[in-house]
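The compositional bias 'Gly residues' annotation in TrEMBL covers 188-199. The domain 'DUF4142' feature in TrEMBL is assigned to 40-176. Summarising the annotation, TrEMBL assigns region 'Disordered' to 175-199. Residues annotated as signal peptide in TrEMBL: 1-19.
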Amino acid sequence: MRTIALGACLLATLAPAMAQQPSPLPGDAASAASSSLSREDREFLRNAAESGLAELQAAQLVLQAATSPEVQRFAQQMVQEHTASNARLAAIAARKGGELPAAPGLVEQGRIRLLQASTGPELEQSYVDGLGVRAHQGTVALFQQHAERGQDPDLRRFAQEQLPQLRQDLQVAQQLQARMSPQAGPGTSMGAGGVPDDR
């Protein structure tokens with residue numbers, strides 16, 4: 001009986017202290033989640049975010065400066081798509097505790113500076129060549145690799161679901177690039193979805 005009484009007394013003493021133990025903070029949970037991301041997942045998260053930021057910033061710049069309806073239409077599409085995909089990626093990063101960059105990468109920043117220093121047809125050509133075609137080629141390769149080899153299921157699913165749209169964007173950019181090239185004949189304009197229309 002004495003043992004039972006001592007046990008009850010000890011339990012009564014510990015109960016208030018246990019009740020006062022702080023619950024895990026969101027930051028603690030985020031740190032734990034962050035440690036579960038592999039190095040490859042973290043690199044993909046960073047690279048995808050940098051690419052998305054660059055596409056969004058460049059498209060917003062071109063929307064203000066371009067005069068070509070085809071280029072403006074493509075830039076508007078990029079604003080809509082990358083605003084949505086950037087928000088989705090940020091939500092995944094928040095759940096996983098991953099850190100997202102606040103600015104595009106150095107290569108992307110260089111392309112944006114080139115746009116800022118250009119005007120007229122030169123700006124439009126630079127945008128389509130650099131951000132429309134070359135950047136999308138790199139982004140498609142990045143997402144393709146992670147769709148196949150990514151370890152985190154949410155990031156892998158994100159890459160898989162974004163790939164079809166990224167490939168379509170690349171195709172539209174390549175068609176627009178061909179339309180703007182000096183070899184392109186007169187009287188051809190880009191129709192809806194980036195498909196050339198002969199008029």
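The backbone N, Cα and C atoms fix where each Cβ goes, glycine too.
Those TrEMBL annotations? Automatic predictions, nothing curated.
Residue counts for the domain 'DUF4142' (40-176) under DSSP, helix first, then strand, then coil, are 119 helix, 0 strand, 18 coil. The domain 'DUF4142' (40-176) scores a mean pLDDT of 95 in the predicted structure.
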